[in-house]
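**Student:** There's a structure below that I have some questions on.
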Amino acid sequence: MDINKNHWNEITPFNKQIISTLIFSGFFLNILVLAVPIYSLQVFDRVLTSRSLDTLLLISAIVFFLLLTQSTLDVLKNRYLYKKSTKLDALLSSHLFVTNITSANKPTLQDVKEIKSFMVSPAFSLPFDIIWTPIFLLVMFILHPIVGLLGLSAILLVGGLALFIHKAKAKQLSESQLMNSACKNASEQAAYQVESIKAQHLETGLRTQFQHLTAERVWHDLQLGVTTSTLTSTAKCLRLTLQMAIMGIGAWLVIGNNMTAGGIIAGSILMSRALQPLEQLPSTLQGWHSAVAANQRLTRYFNDLPTEKNSTDFSDIKGCLHLDSVSWYPPKAKLPLLKNLRFKLEAGNRVMVMGASSSGKTVLCKLLVNLYQPSSGSVKIDDAQLSQWNPNQLKAVLGYVPQHVEFITGTIKQNIAHFDPNLTDAEVIAAATSIGIHQDIVKLPEGYNTVIGNNILPLSAGLAKGIAIARALYFRPHILVMDEADANLDSNNLAAFKHLLDQLKQNNVAVVMVSHNKDLISNVDWVVQLENGEITSAYKSDQAAKVHNLQPVASNG
């Protein structure tokens, strides 16, 4: 399901419905907390003086019912929050998974996890308990003004200490998390490049660097631990002192006949309940800070989503590719990397793009397959802009071989078939055979069921490139865009690649390929020269073969 701004406003934890529910439930839950202090007053001041078992049984039954109601209401509130958090997780996770694949600098699944955990934690409900603290304070004043003043002083002291603890720990916590992240990244990077590290004998230098990082991390963790334990012990001492004070002052008031004995127990319970949420304030503030930050990232993302446009499933696809005055600016750049590119490629035509490093060839390929969007101008297939095409249809119209090949963890078969649940072995084998890698794959221990990706099984550069080409061919596209697809192919695979280019022409497939191999000129129809982001020349292949100043492609172009 695609999520838009309206959906997000319905499931964010800070919407009116959820906040109203927490305020409503918080009011009744905190009112019901008064049942136990009132019960204490009644037992000490009425039951013990009257020695009436009937009164004791009656008020015990009433309070038991109120406690049962409180527990039921708490269960219903928590169940409500669990359902809301689960719905948020279910709707956002798959949406953001796809978003993070297709876009950069977007909210992550960690943001969803952060908010979900926060919604079902006590920290989310705590502010809606704190706002009812004046109720307990009012009852303490009713018991006796001195008890009320002591309660007010206790609230100010504990609340002030809680804010001080939060502020004192915030900077140290941030530094500790930063160093832990640095150590984790260094460890993961070393694990990912283990072969290169061993080959270049970098172990000693990297170990020394990691030891420095670890020492700094341990020092920050120690400082955080010492600060936390010191402040926690101080808060505990203050709380016990205040509990002792309420008992002592209560006893003094009873001795002076200014308050009944039941007021001592009631006052102690009320103070404990009033201080409880304040004691949890430091951890609560940290939880709210993280959750609000994640919520803001998601809100900005959904607010910035473009208005949803209805895509179209086109019929009678010809596969004509048209660049109409396309320019592209890198983010925050003042000058374009590609300038006013214009060309039209008819179905069945093949064009080779050549040019020096950084001339914009890779960006051009990404524009053609809708990974990048033009800053001005448009890219069209059969006169329809790429944004008008249904993405599910577009994946079968456009095939793409990137310059740097990567695979998702899974079998070779799954990777070639784009993890299509309806894949057929025949189509996978046909795609692999067309580029001449079928025999190379079946020679592997598990053949097409060999698991690749995430550095699980190092593949030769040639076989990896061949699998990437087969993946691009799986849906039998009308247009094939290849960025140095012939790189790292051995002689046999290169011969198969040339045959593939000829076969694609016979099948009326349009081809745009970046390559430095002039031997492939005879296998294309056009050669385009790209320099400084502009098309400086275009030749038919028979003419291009006679031109000696064509610039070969350099990597990262």
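Just so you know, glycine gets a Cβ as well, placed from its N, Cα and C.
TrEMBL labels come from automatic prediction, so no person has curated them.
Just lifted these from TrEMBL, have a look:
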DOMAIN    22-290  domain 'ABC transmembrane type-1'
DOMAIN    321-557  domain 'ABC transporter'
TRANSMEM  21-44  transmembrane segment
TRANSMEM  56-76  transmembrane segment
TRANSMEM  123-143  transmembrane segment
TRANSMEM  149-166  transmembrane segment
TRANSMEM  249-271  transmembrane segment
**Student:** Which residues of the chain, 6 or more past the ends of the transmembrane segment (123-143), have a CB below 8 A from one of its CBs?
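**Tutor:** 13, 22-23, 25-27, 29-31, 33-34, 37, 77, 81, 150-152, 155, 259, 263, 266-267, 270-271, 273-274, 277-278, 280-281, 283-284, 287-288, 291.
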**Student:** Determine which residues of the chain contact the transmembrane segment (249-271) at the Cβ level, with the cut-off under 8 Å and only residues 6 or more beyond its ends counted.
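**Tutor:** Same-chain contacts beyond the flanks: 36-38, 40-45, 136, 139-140, 143-144, 146-147, 150-151, 154, 242-243.
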**Student:** When the pLDDT values for the domain 'ABC transporter' (321-557) are averaged, what is the result?
**Tutor:** 85
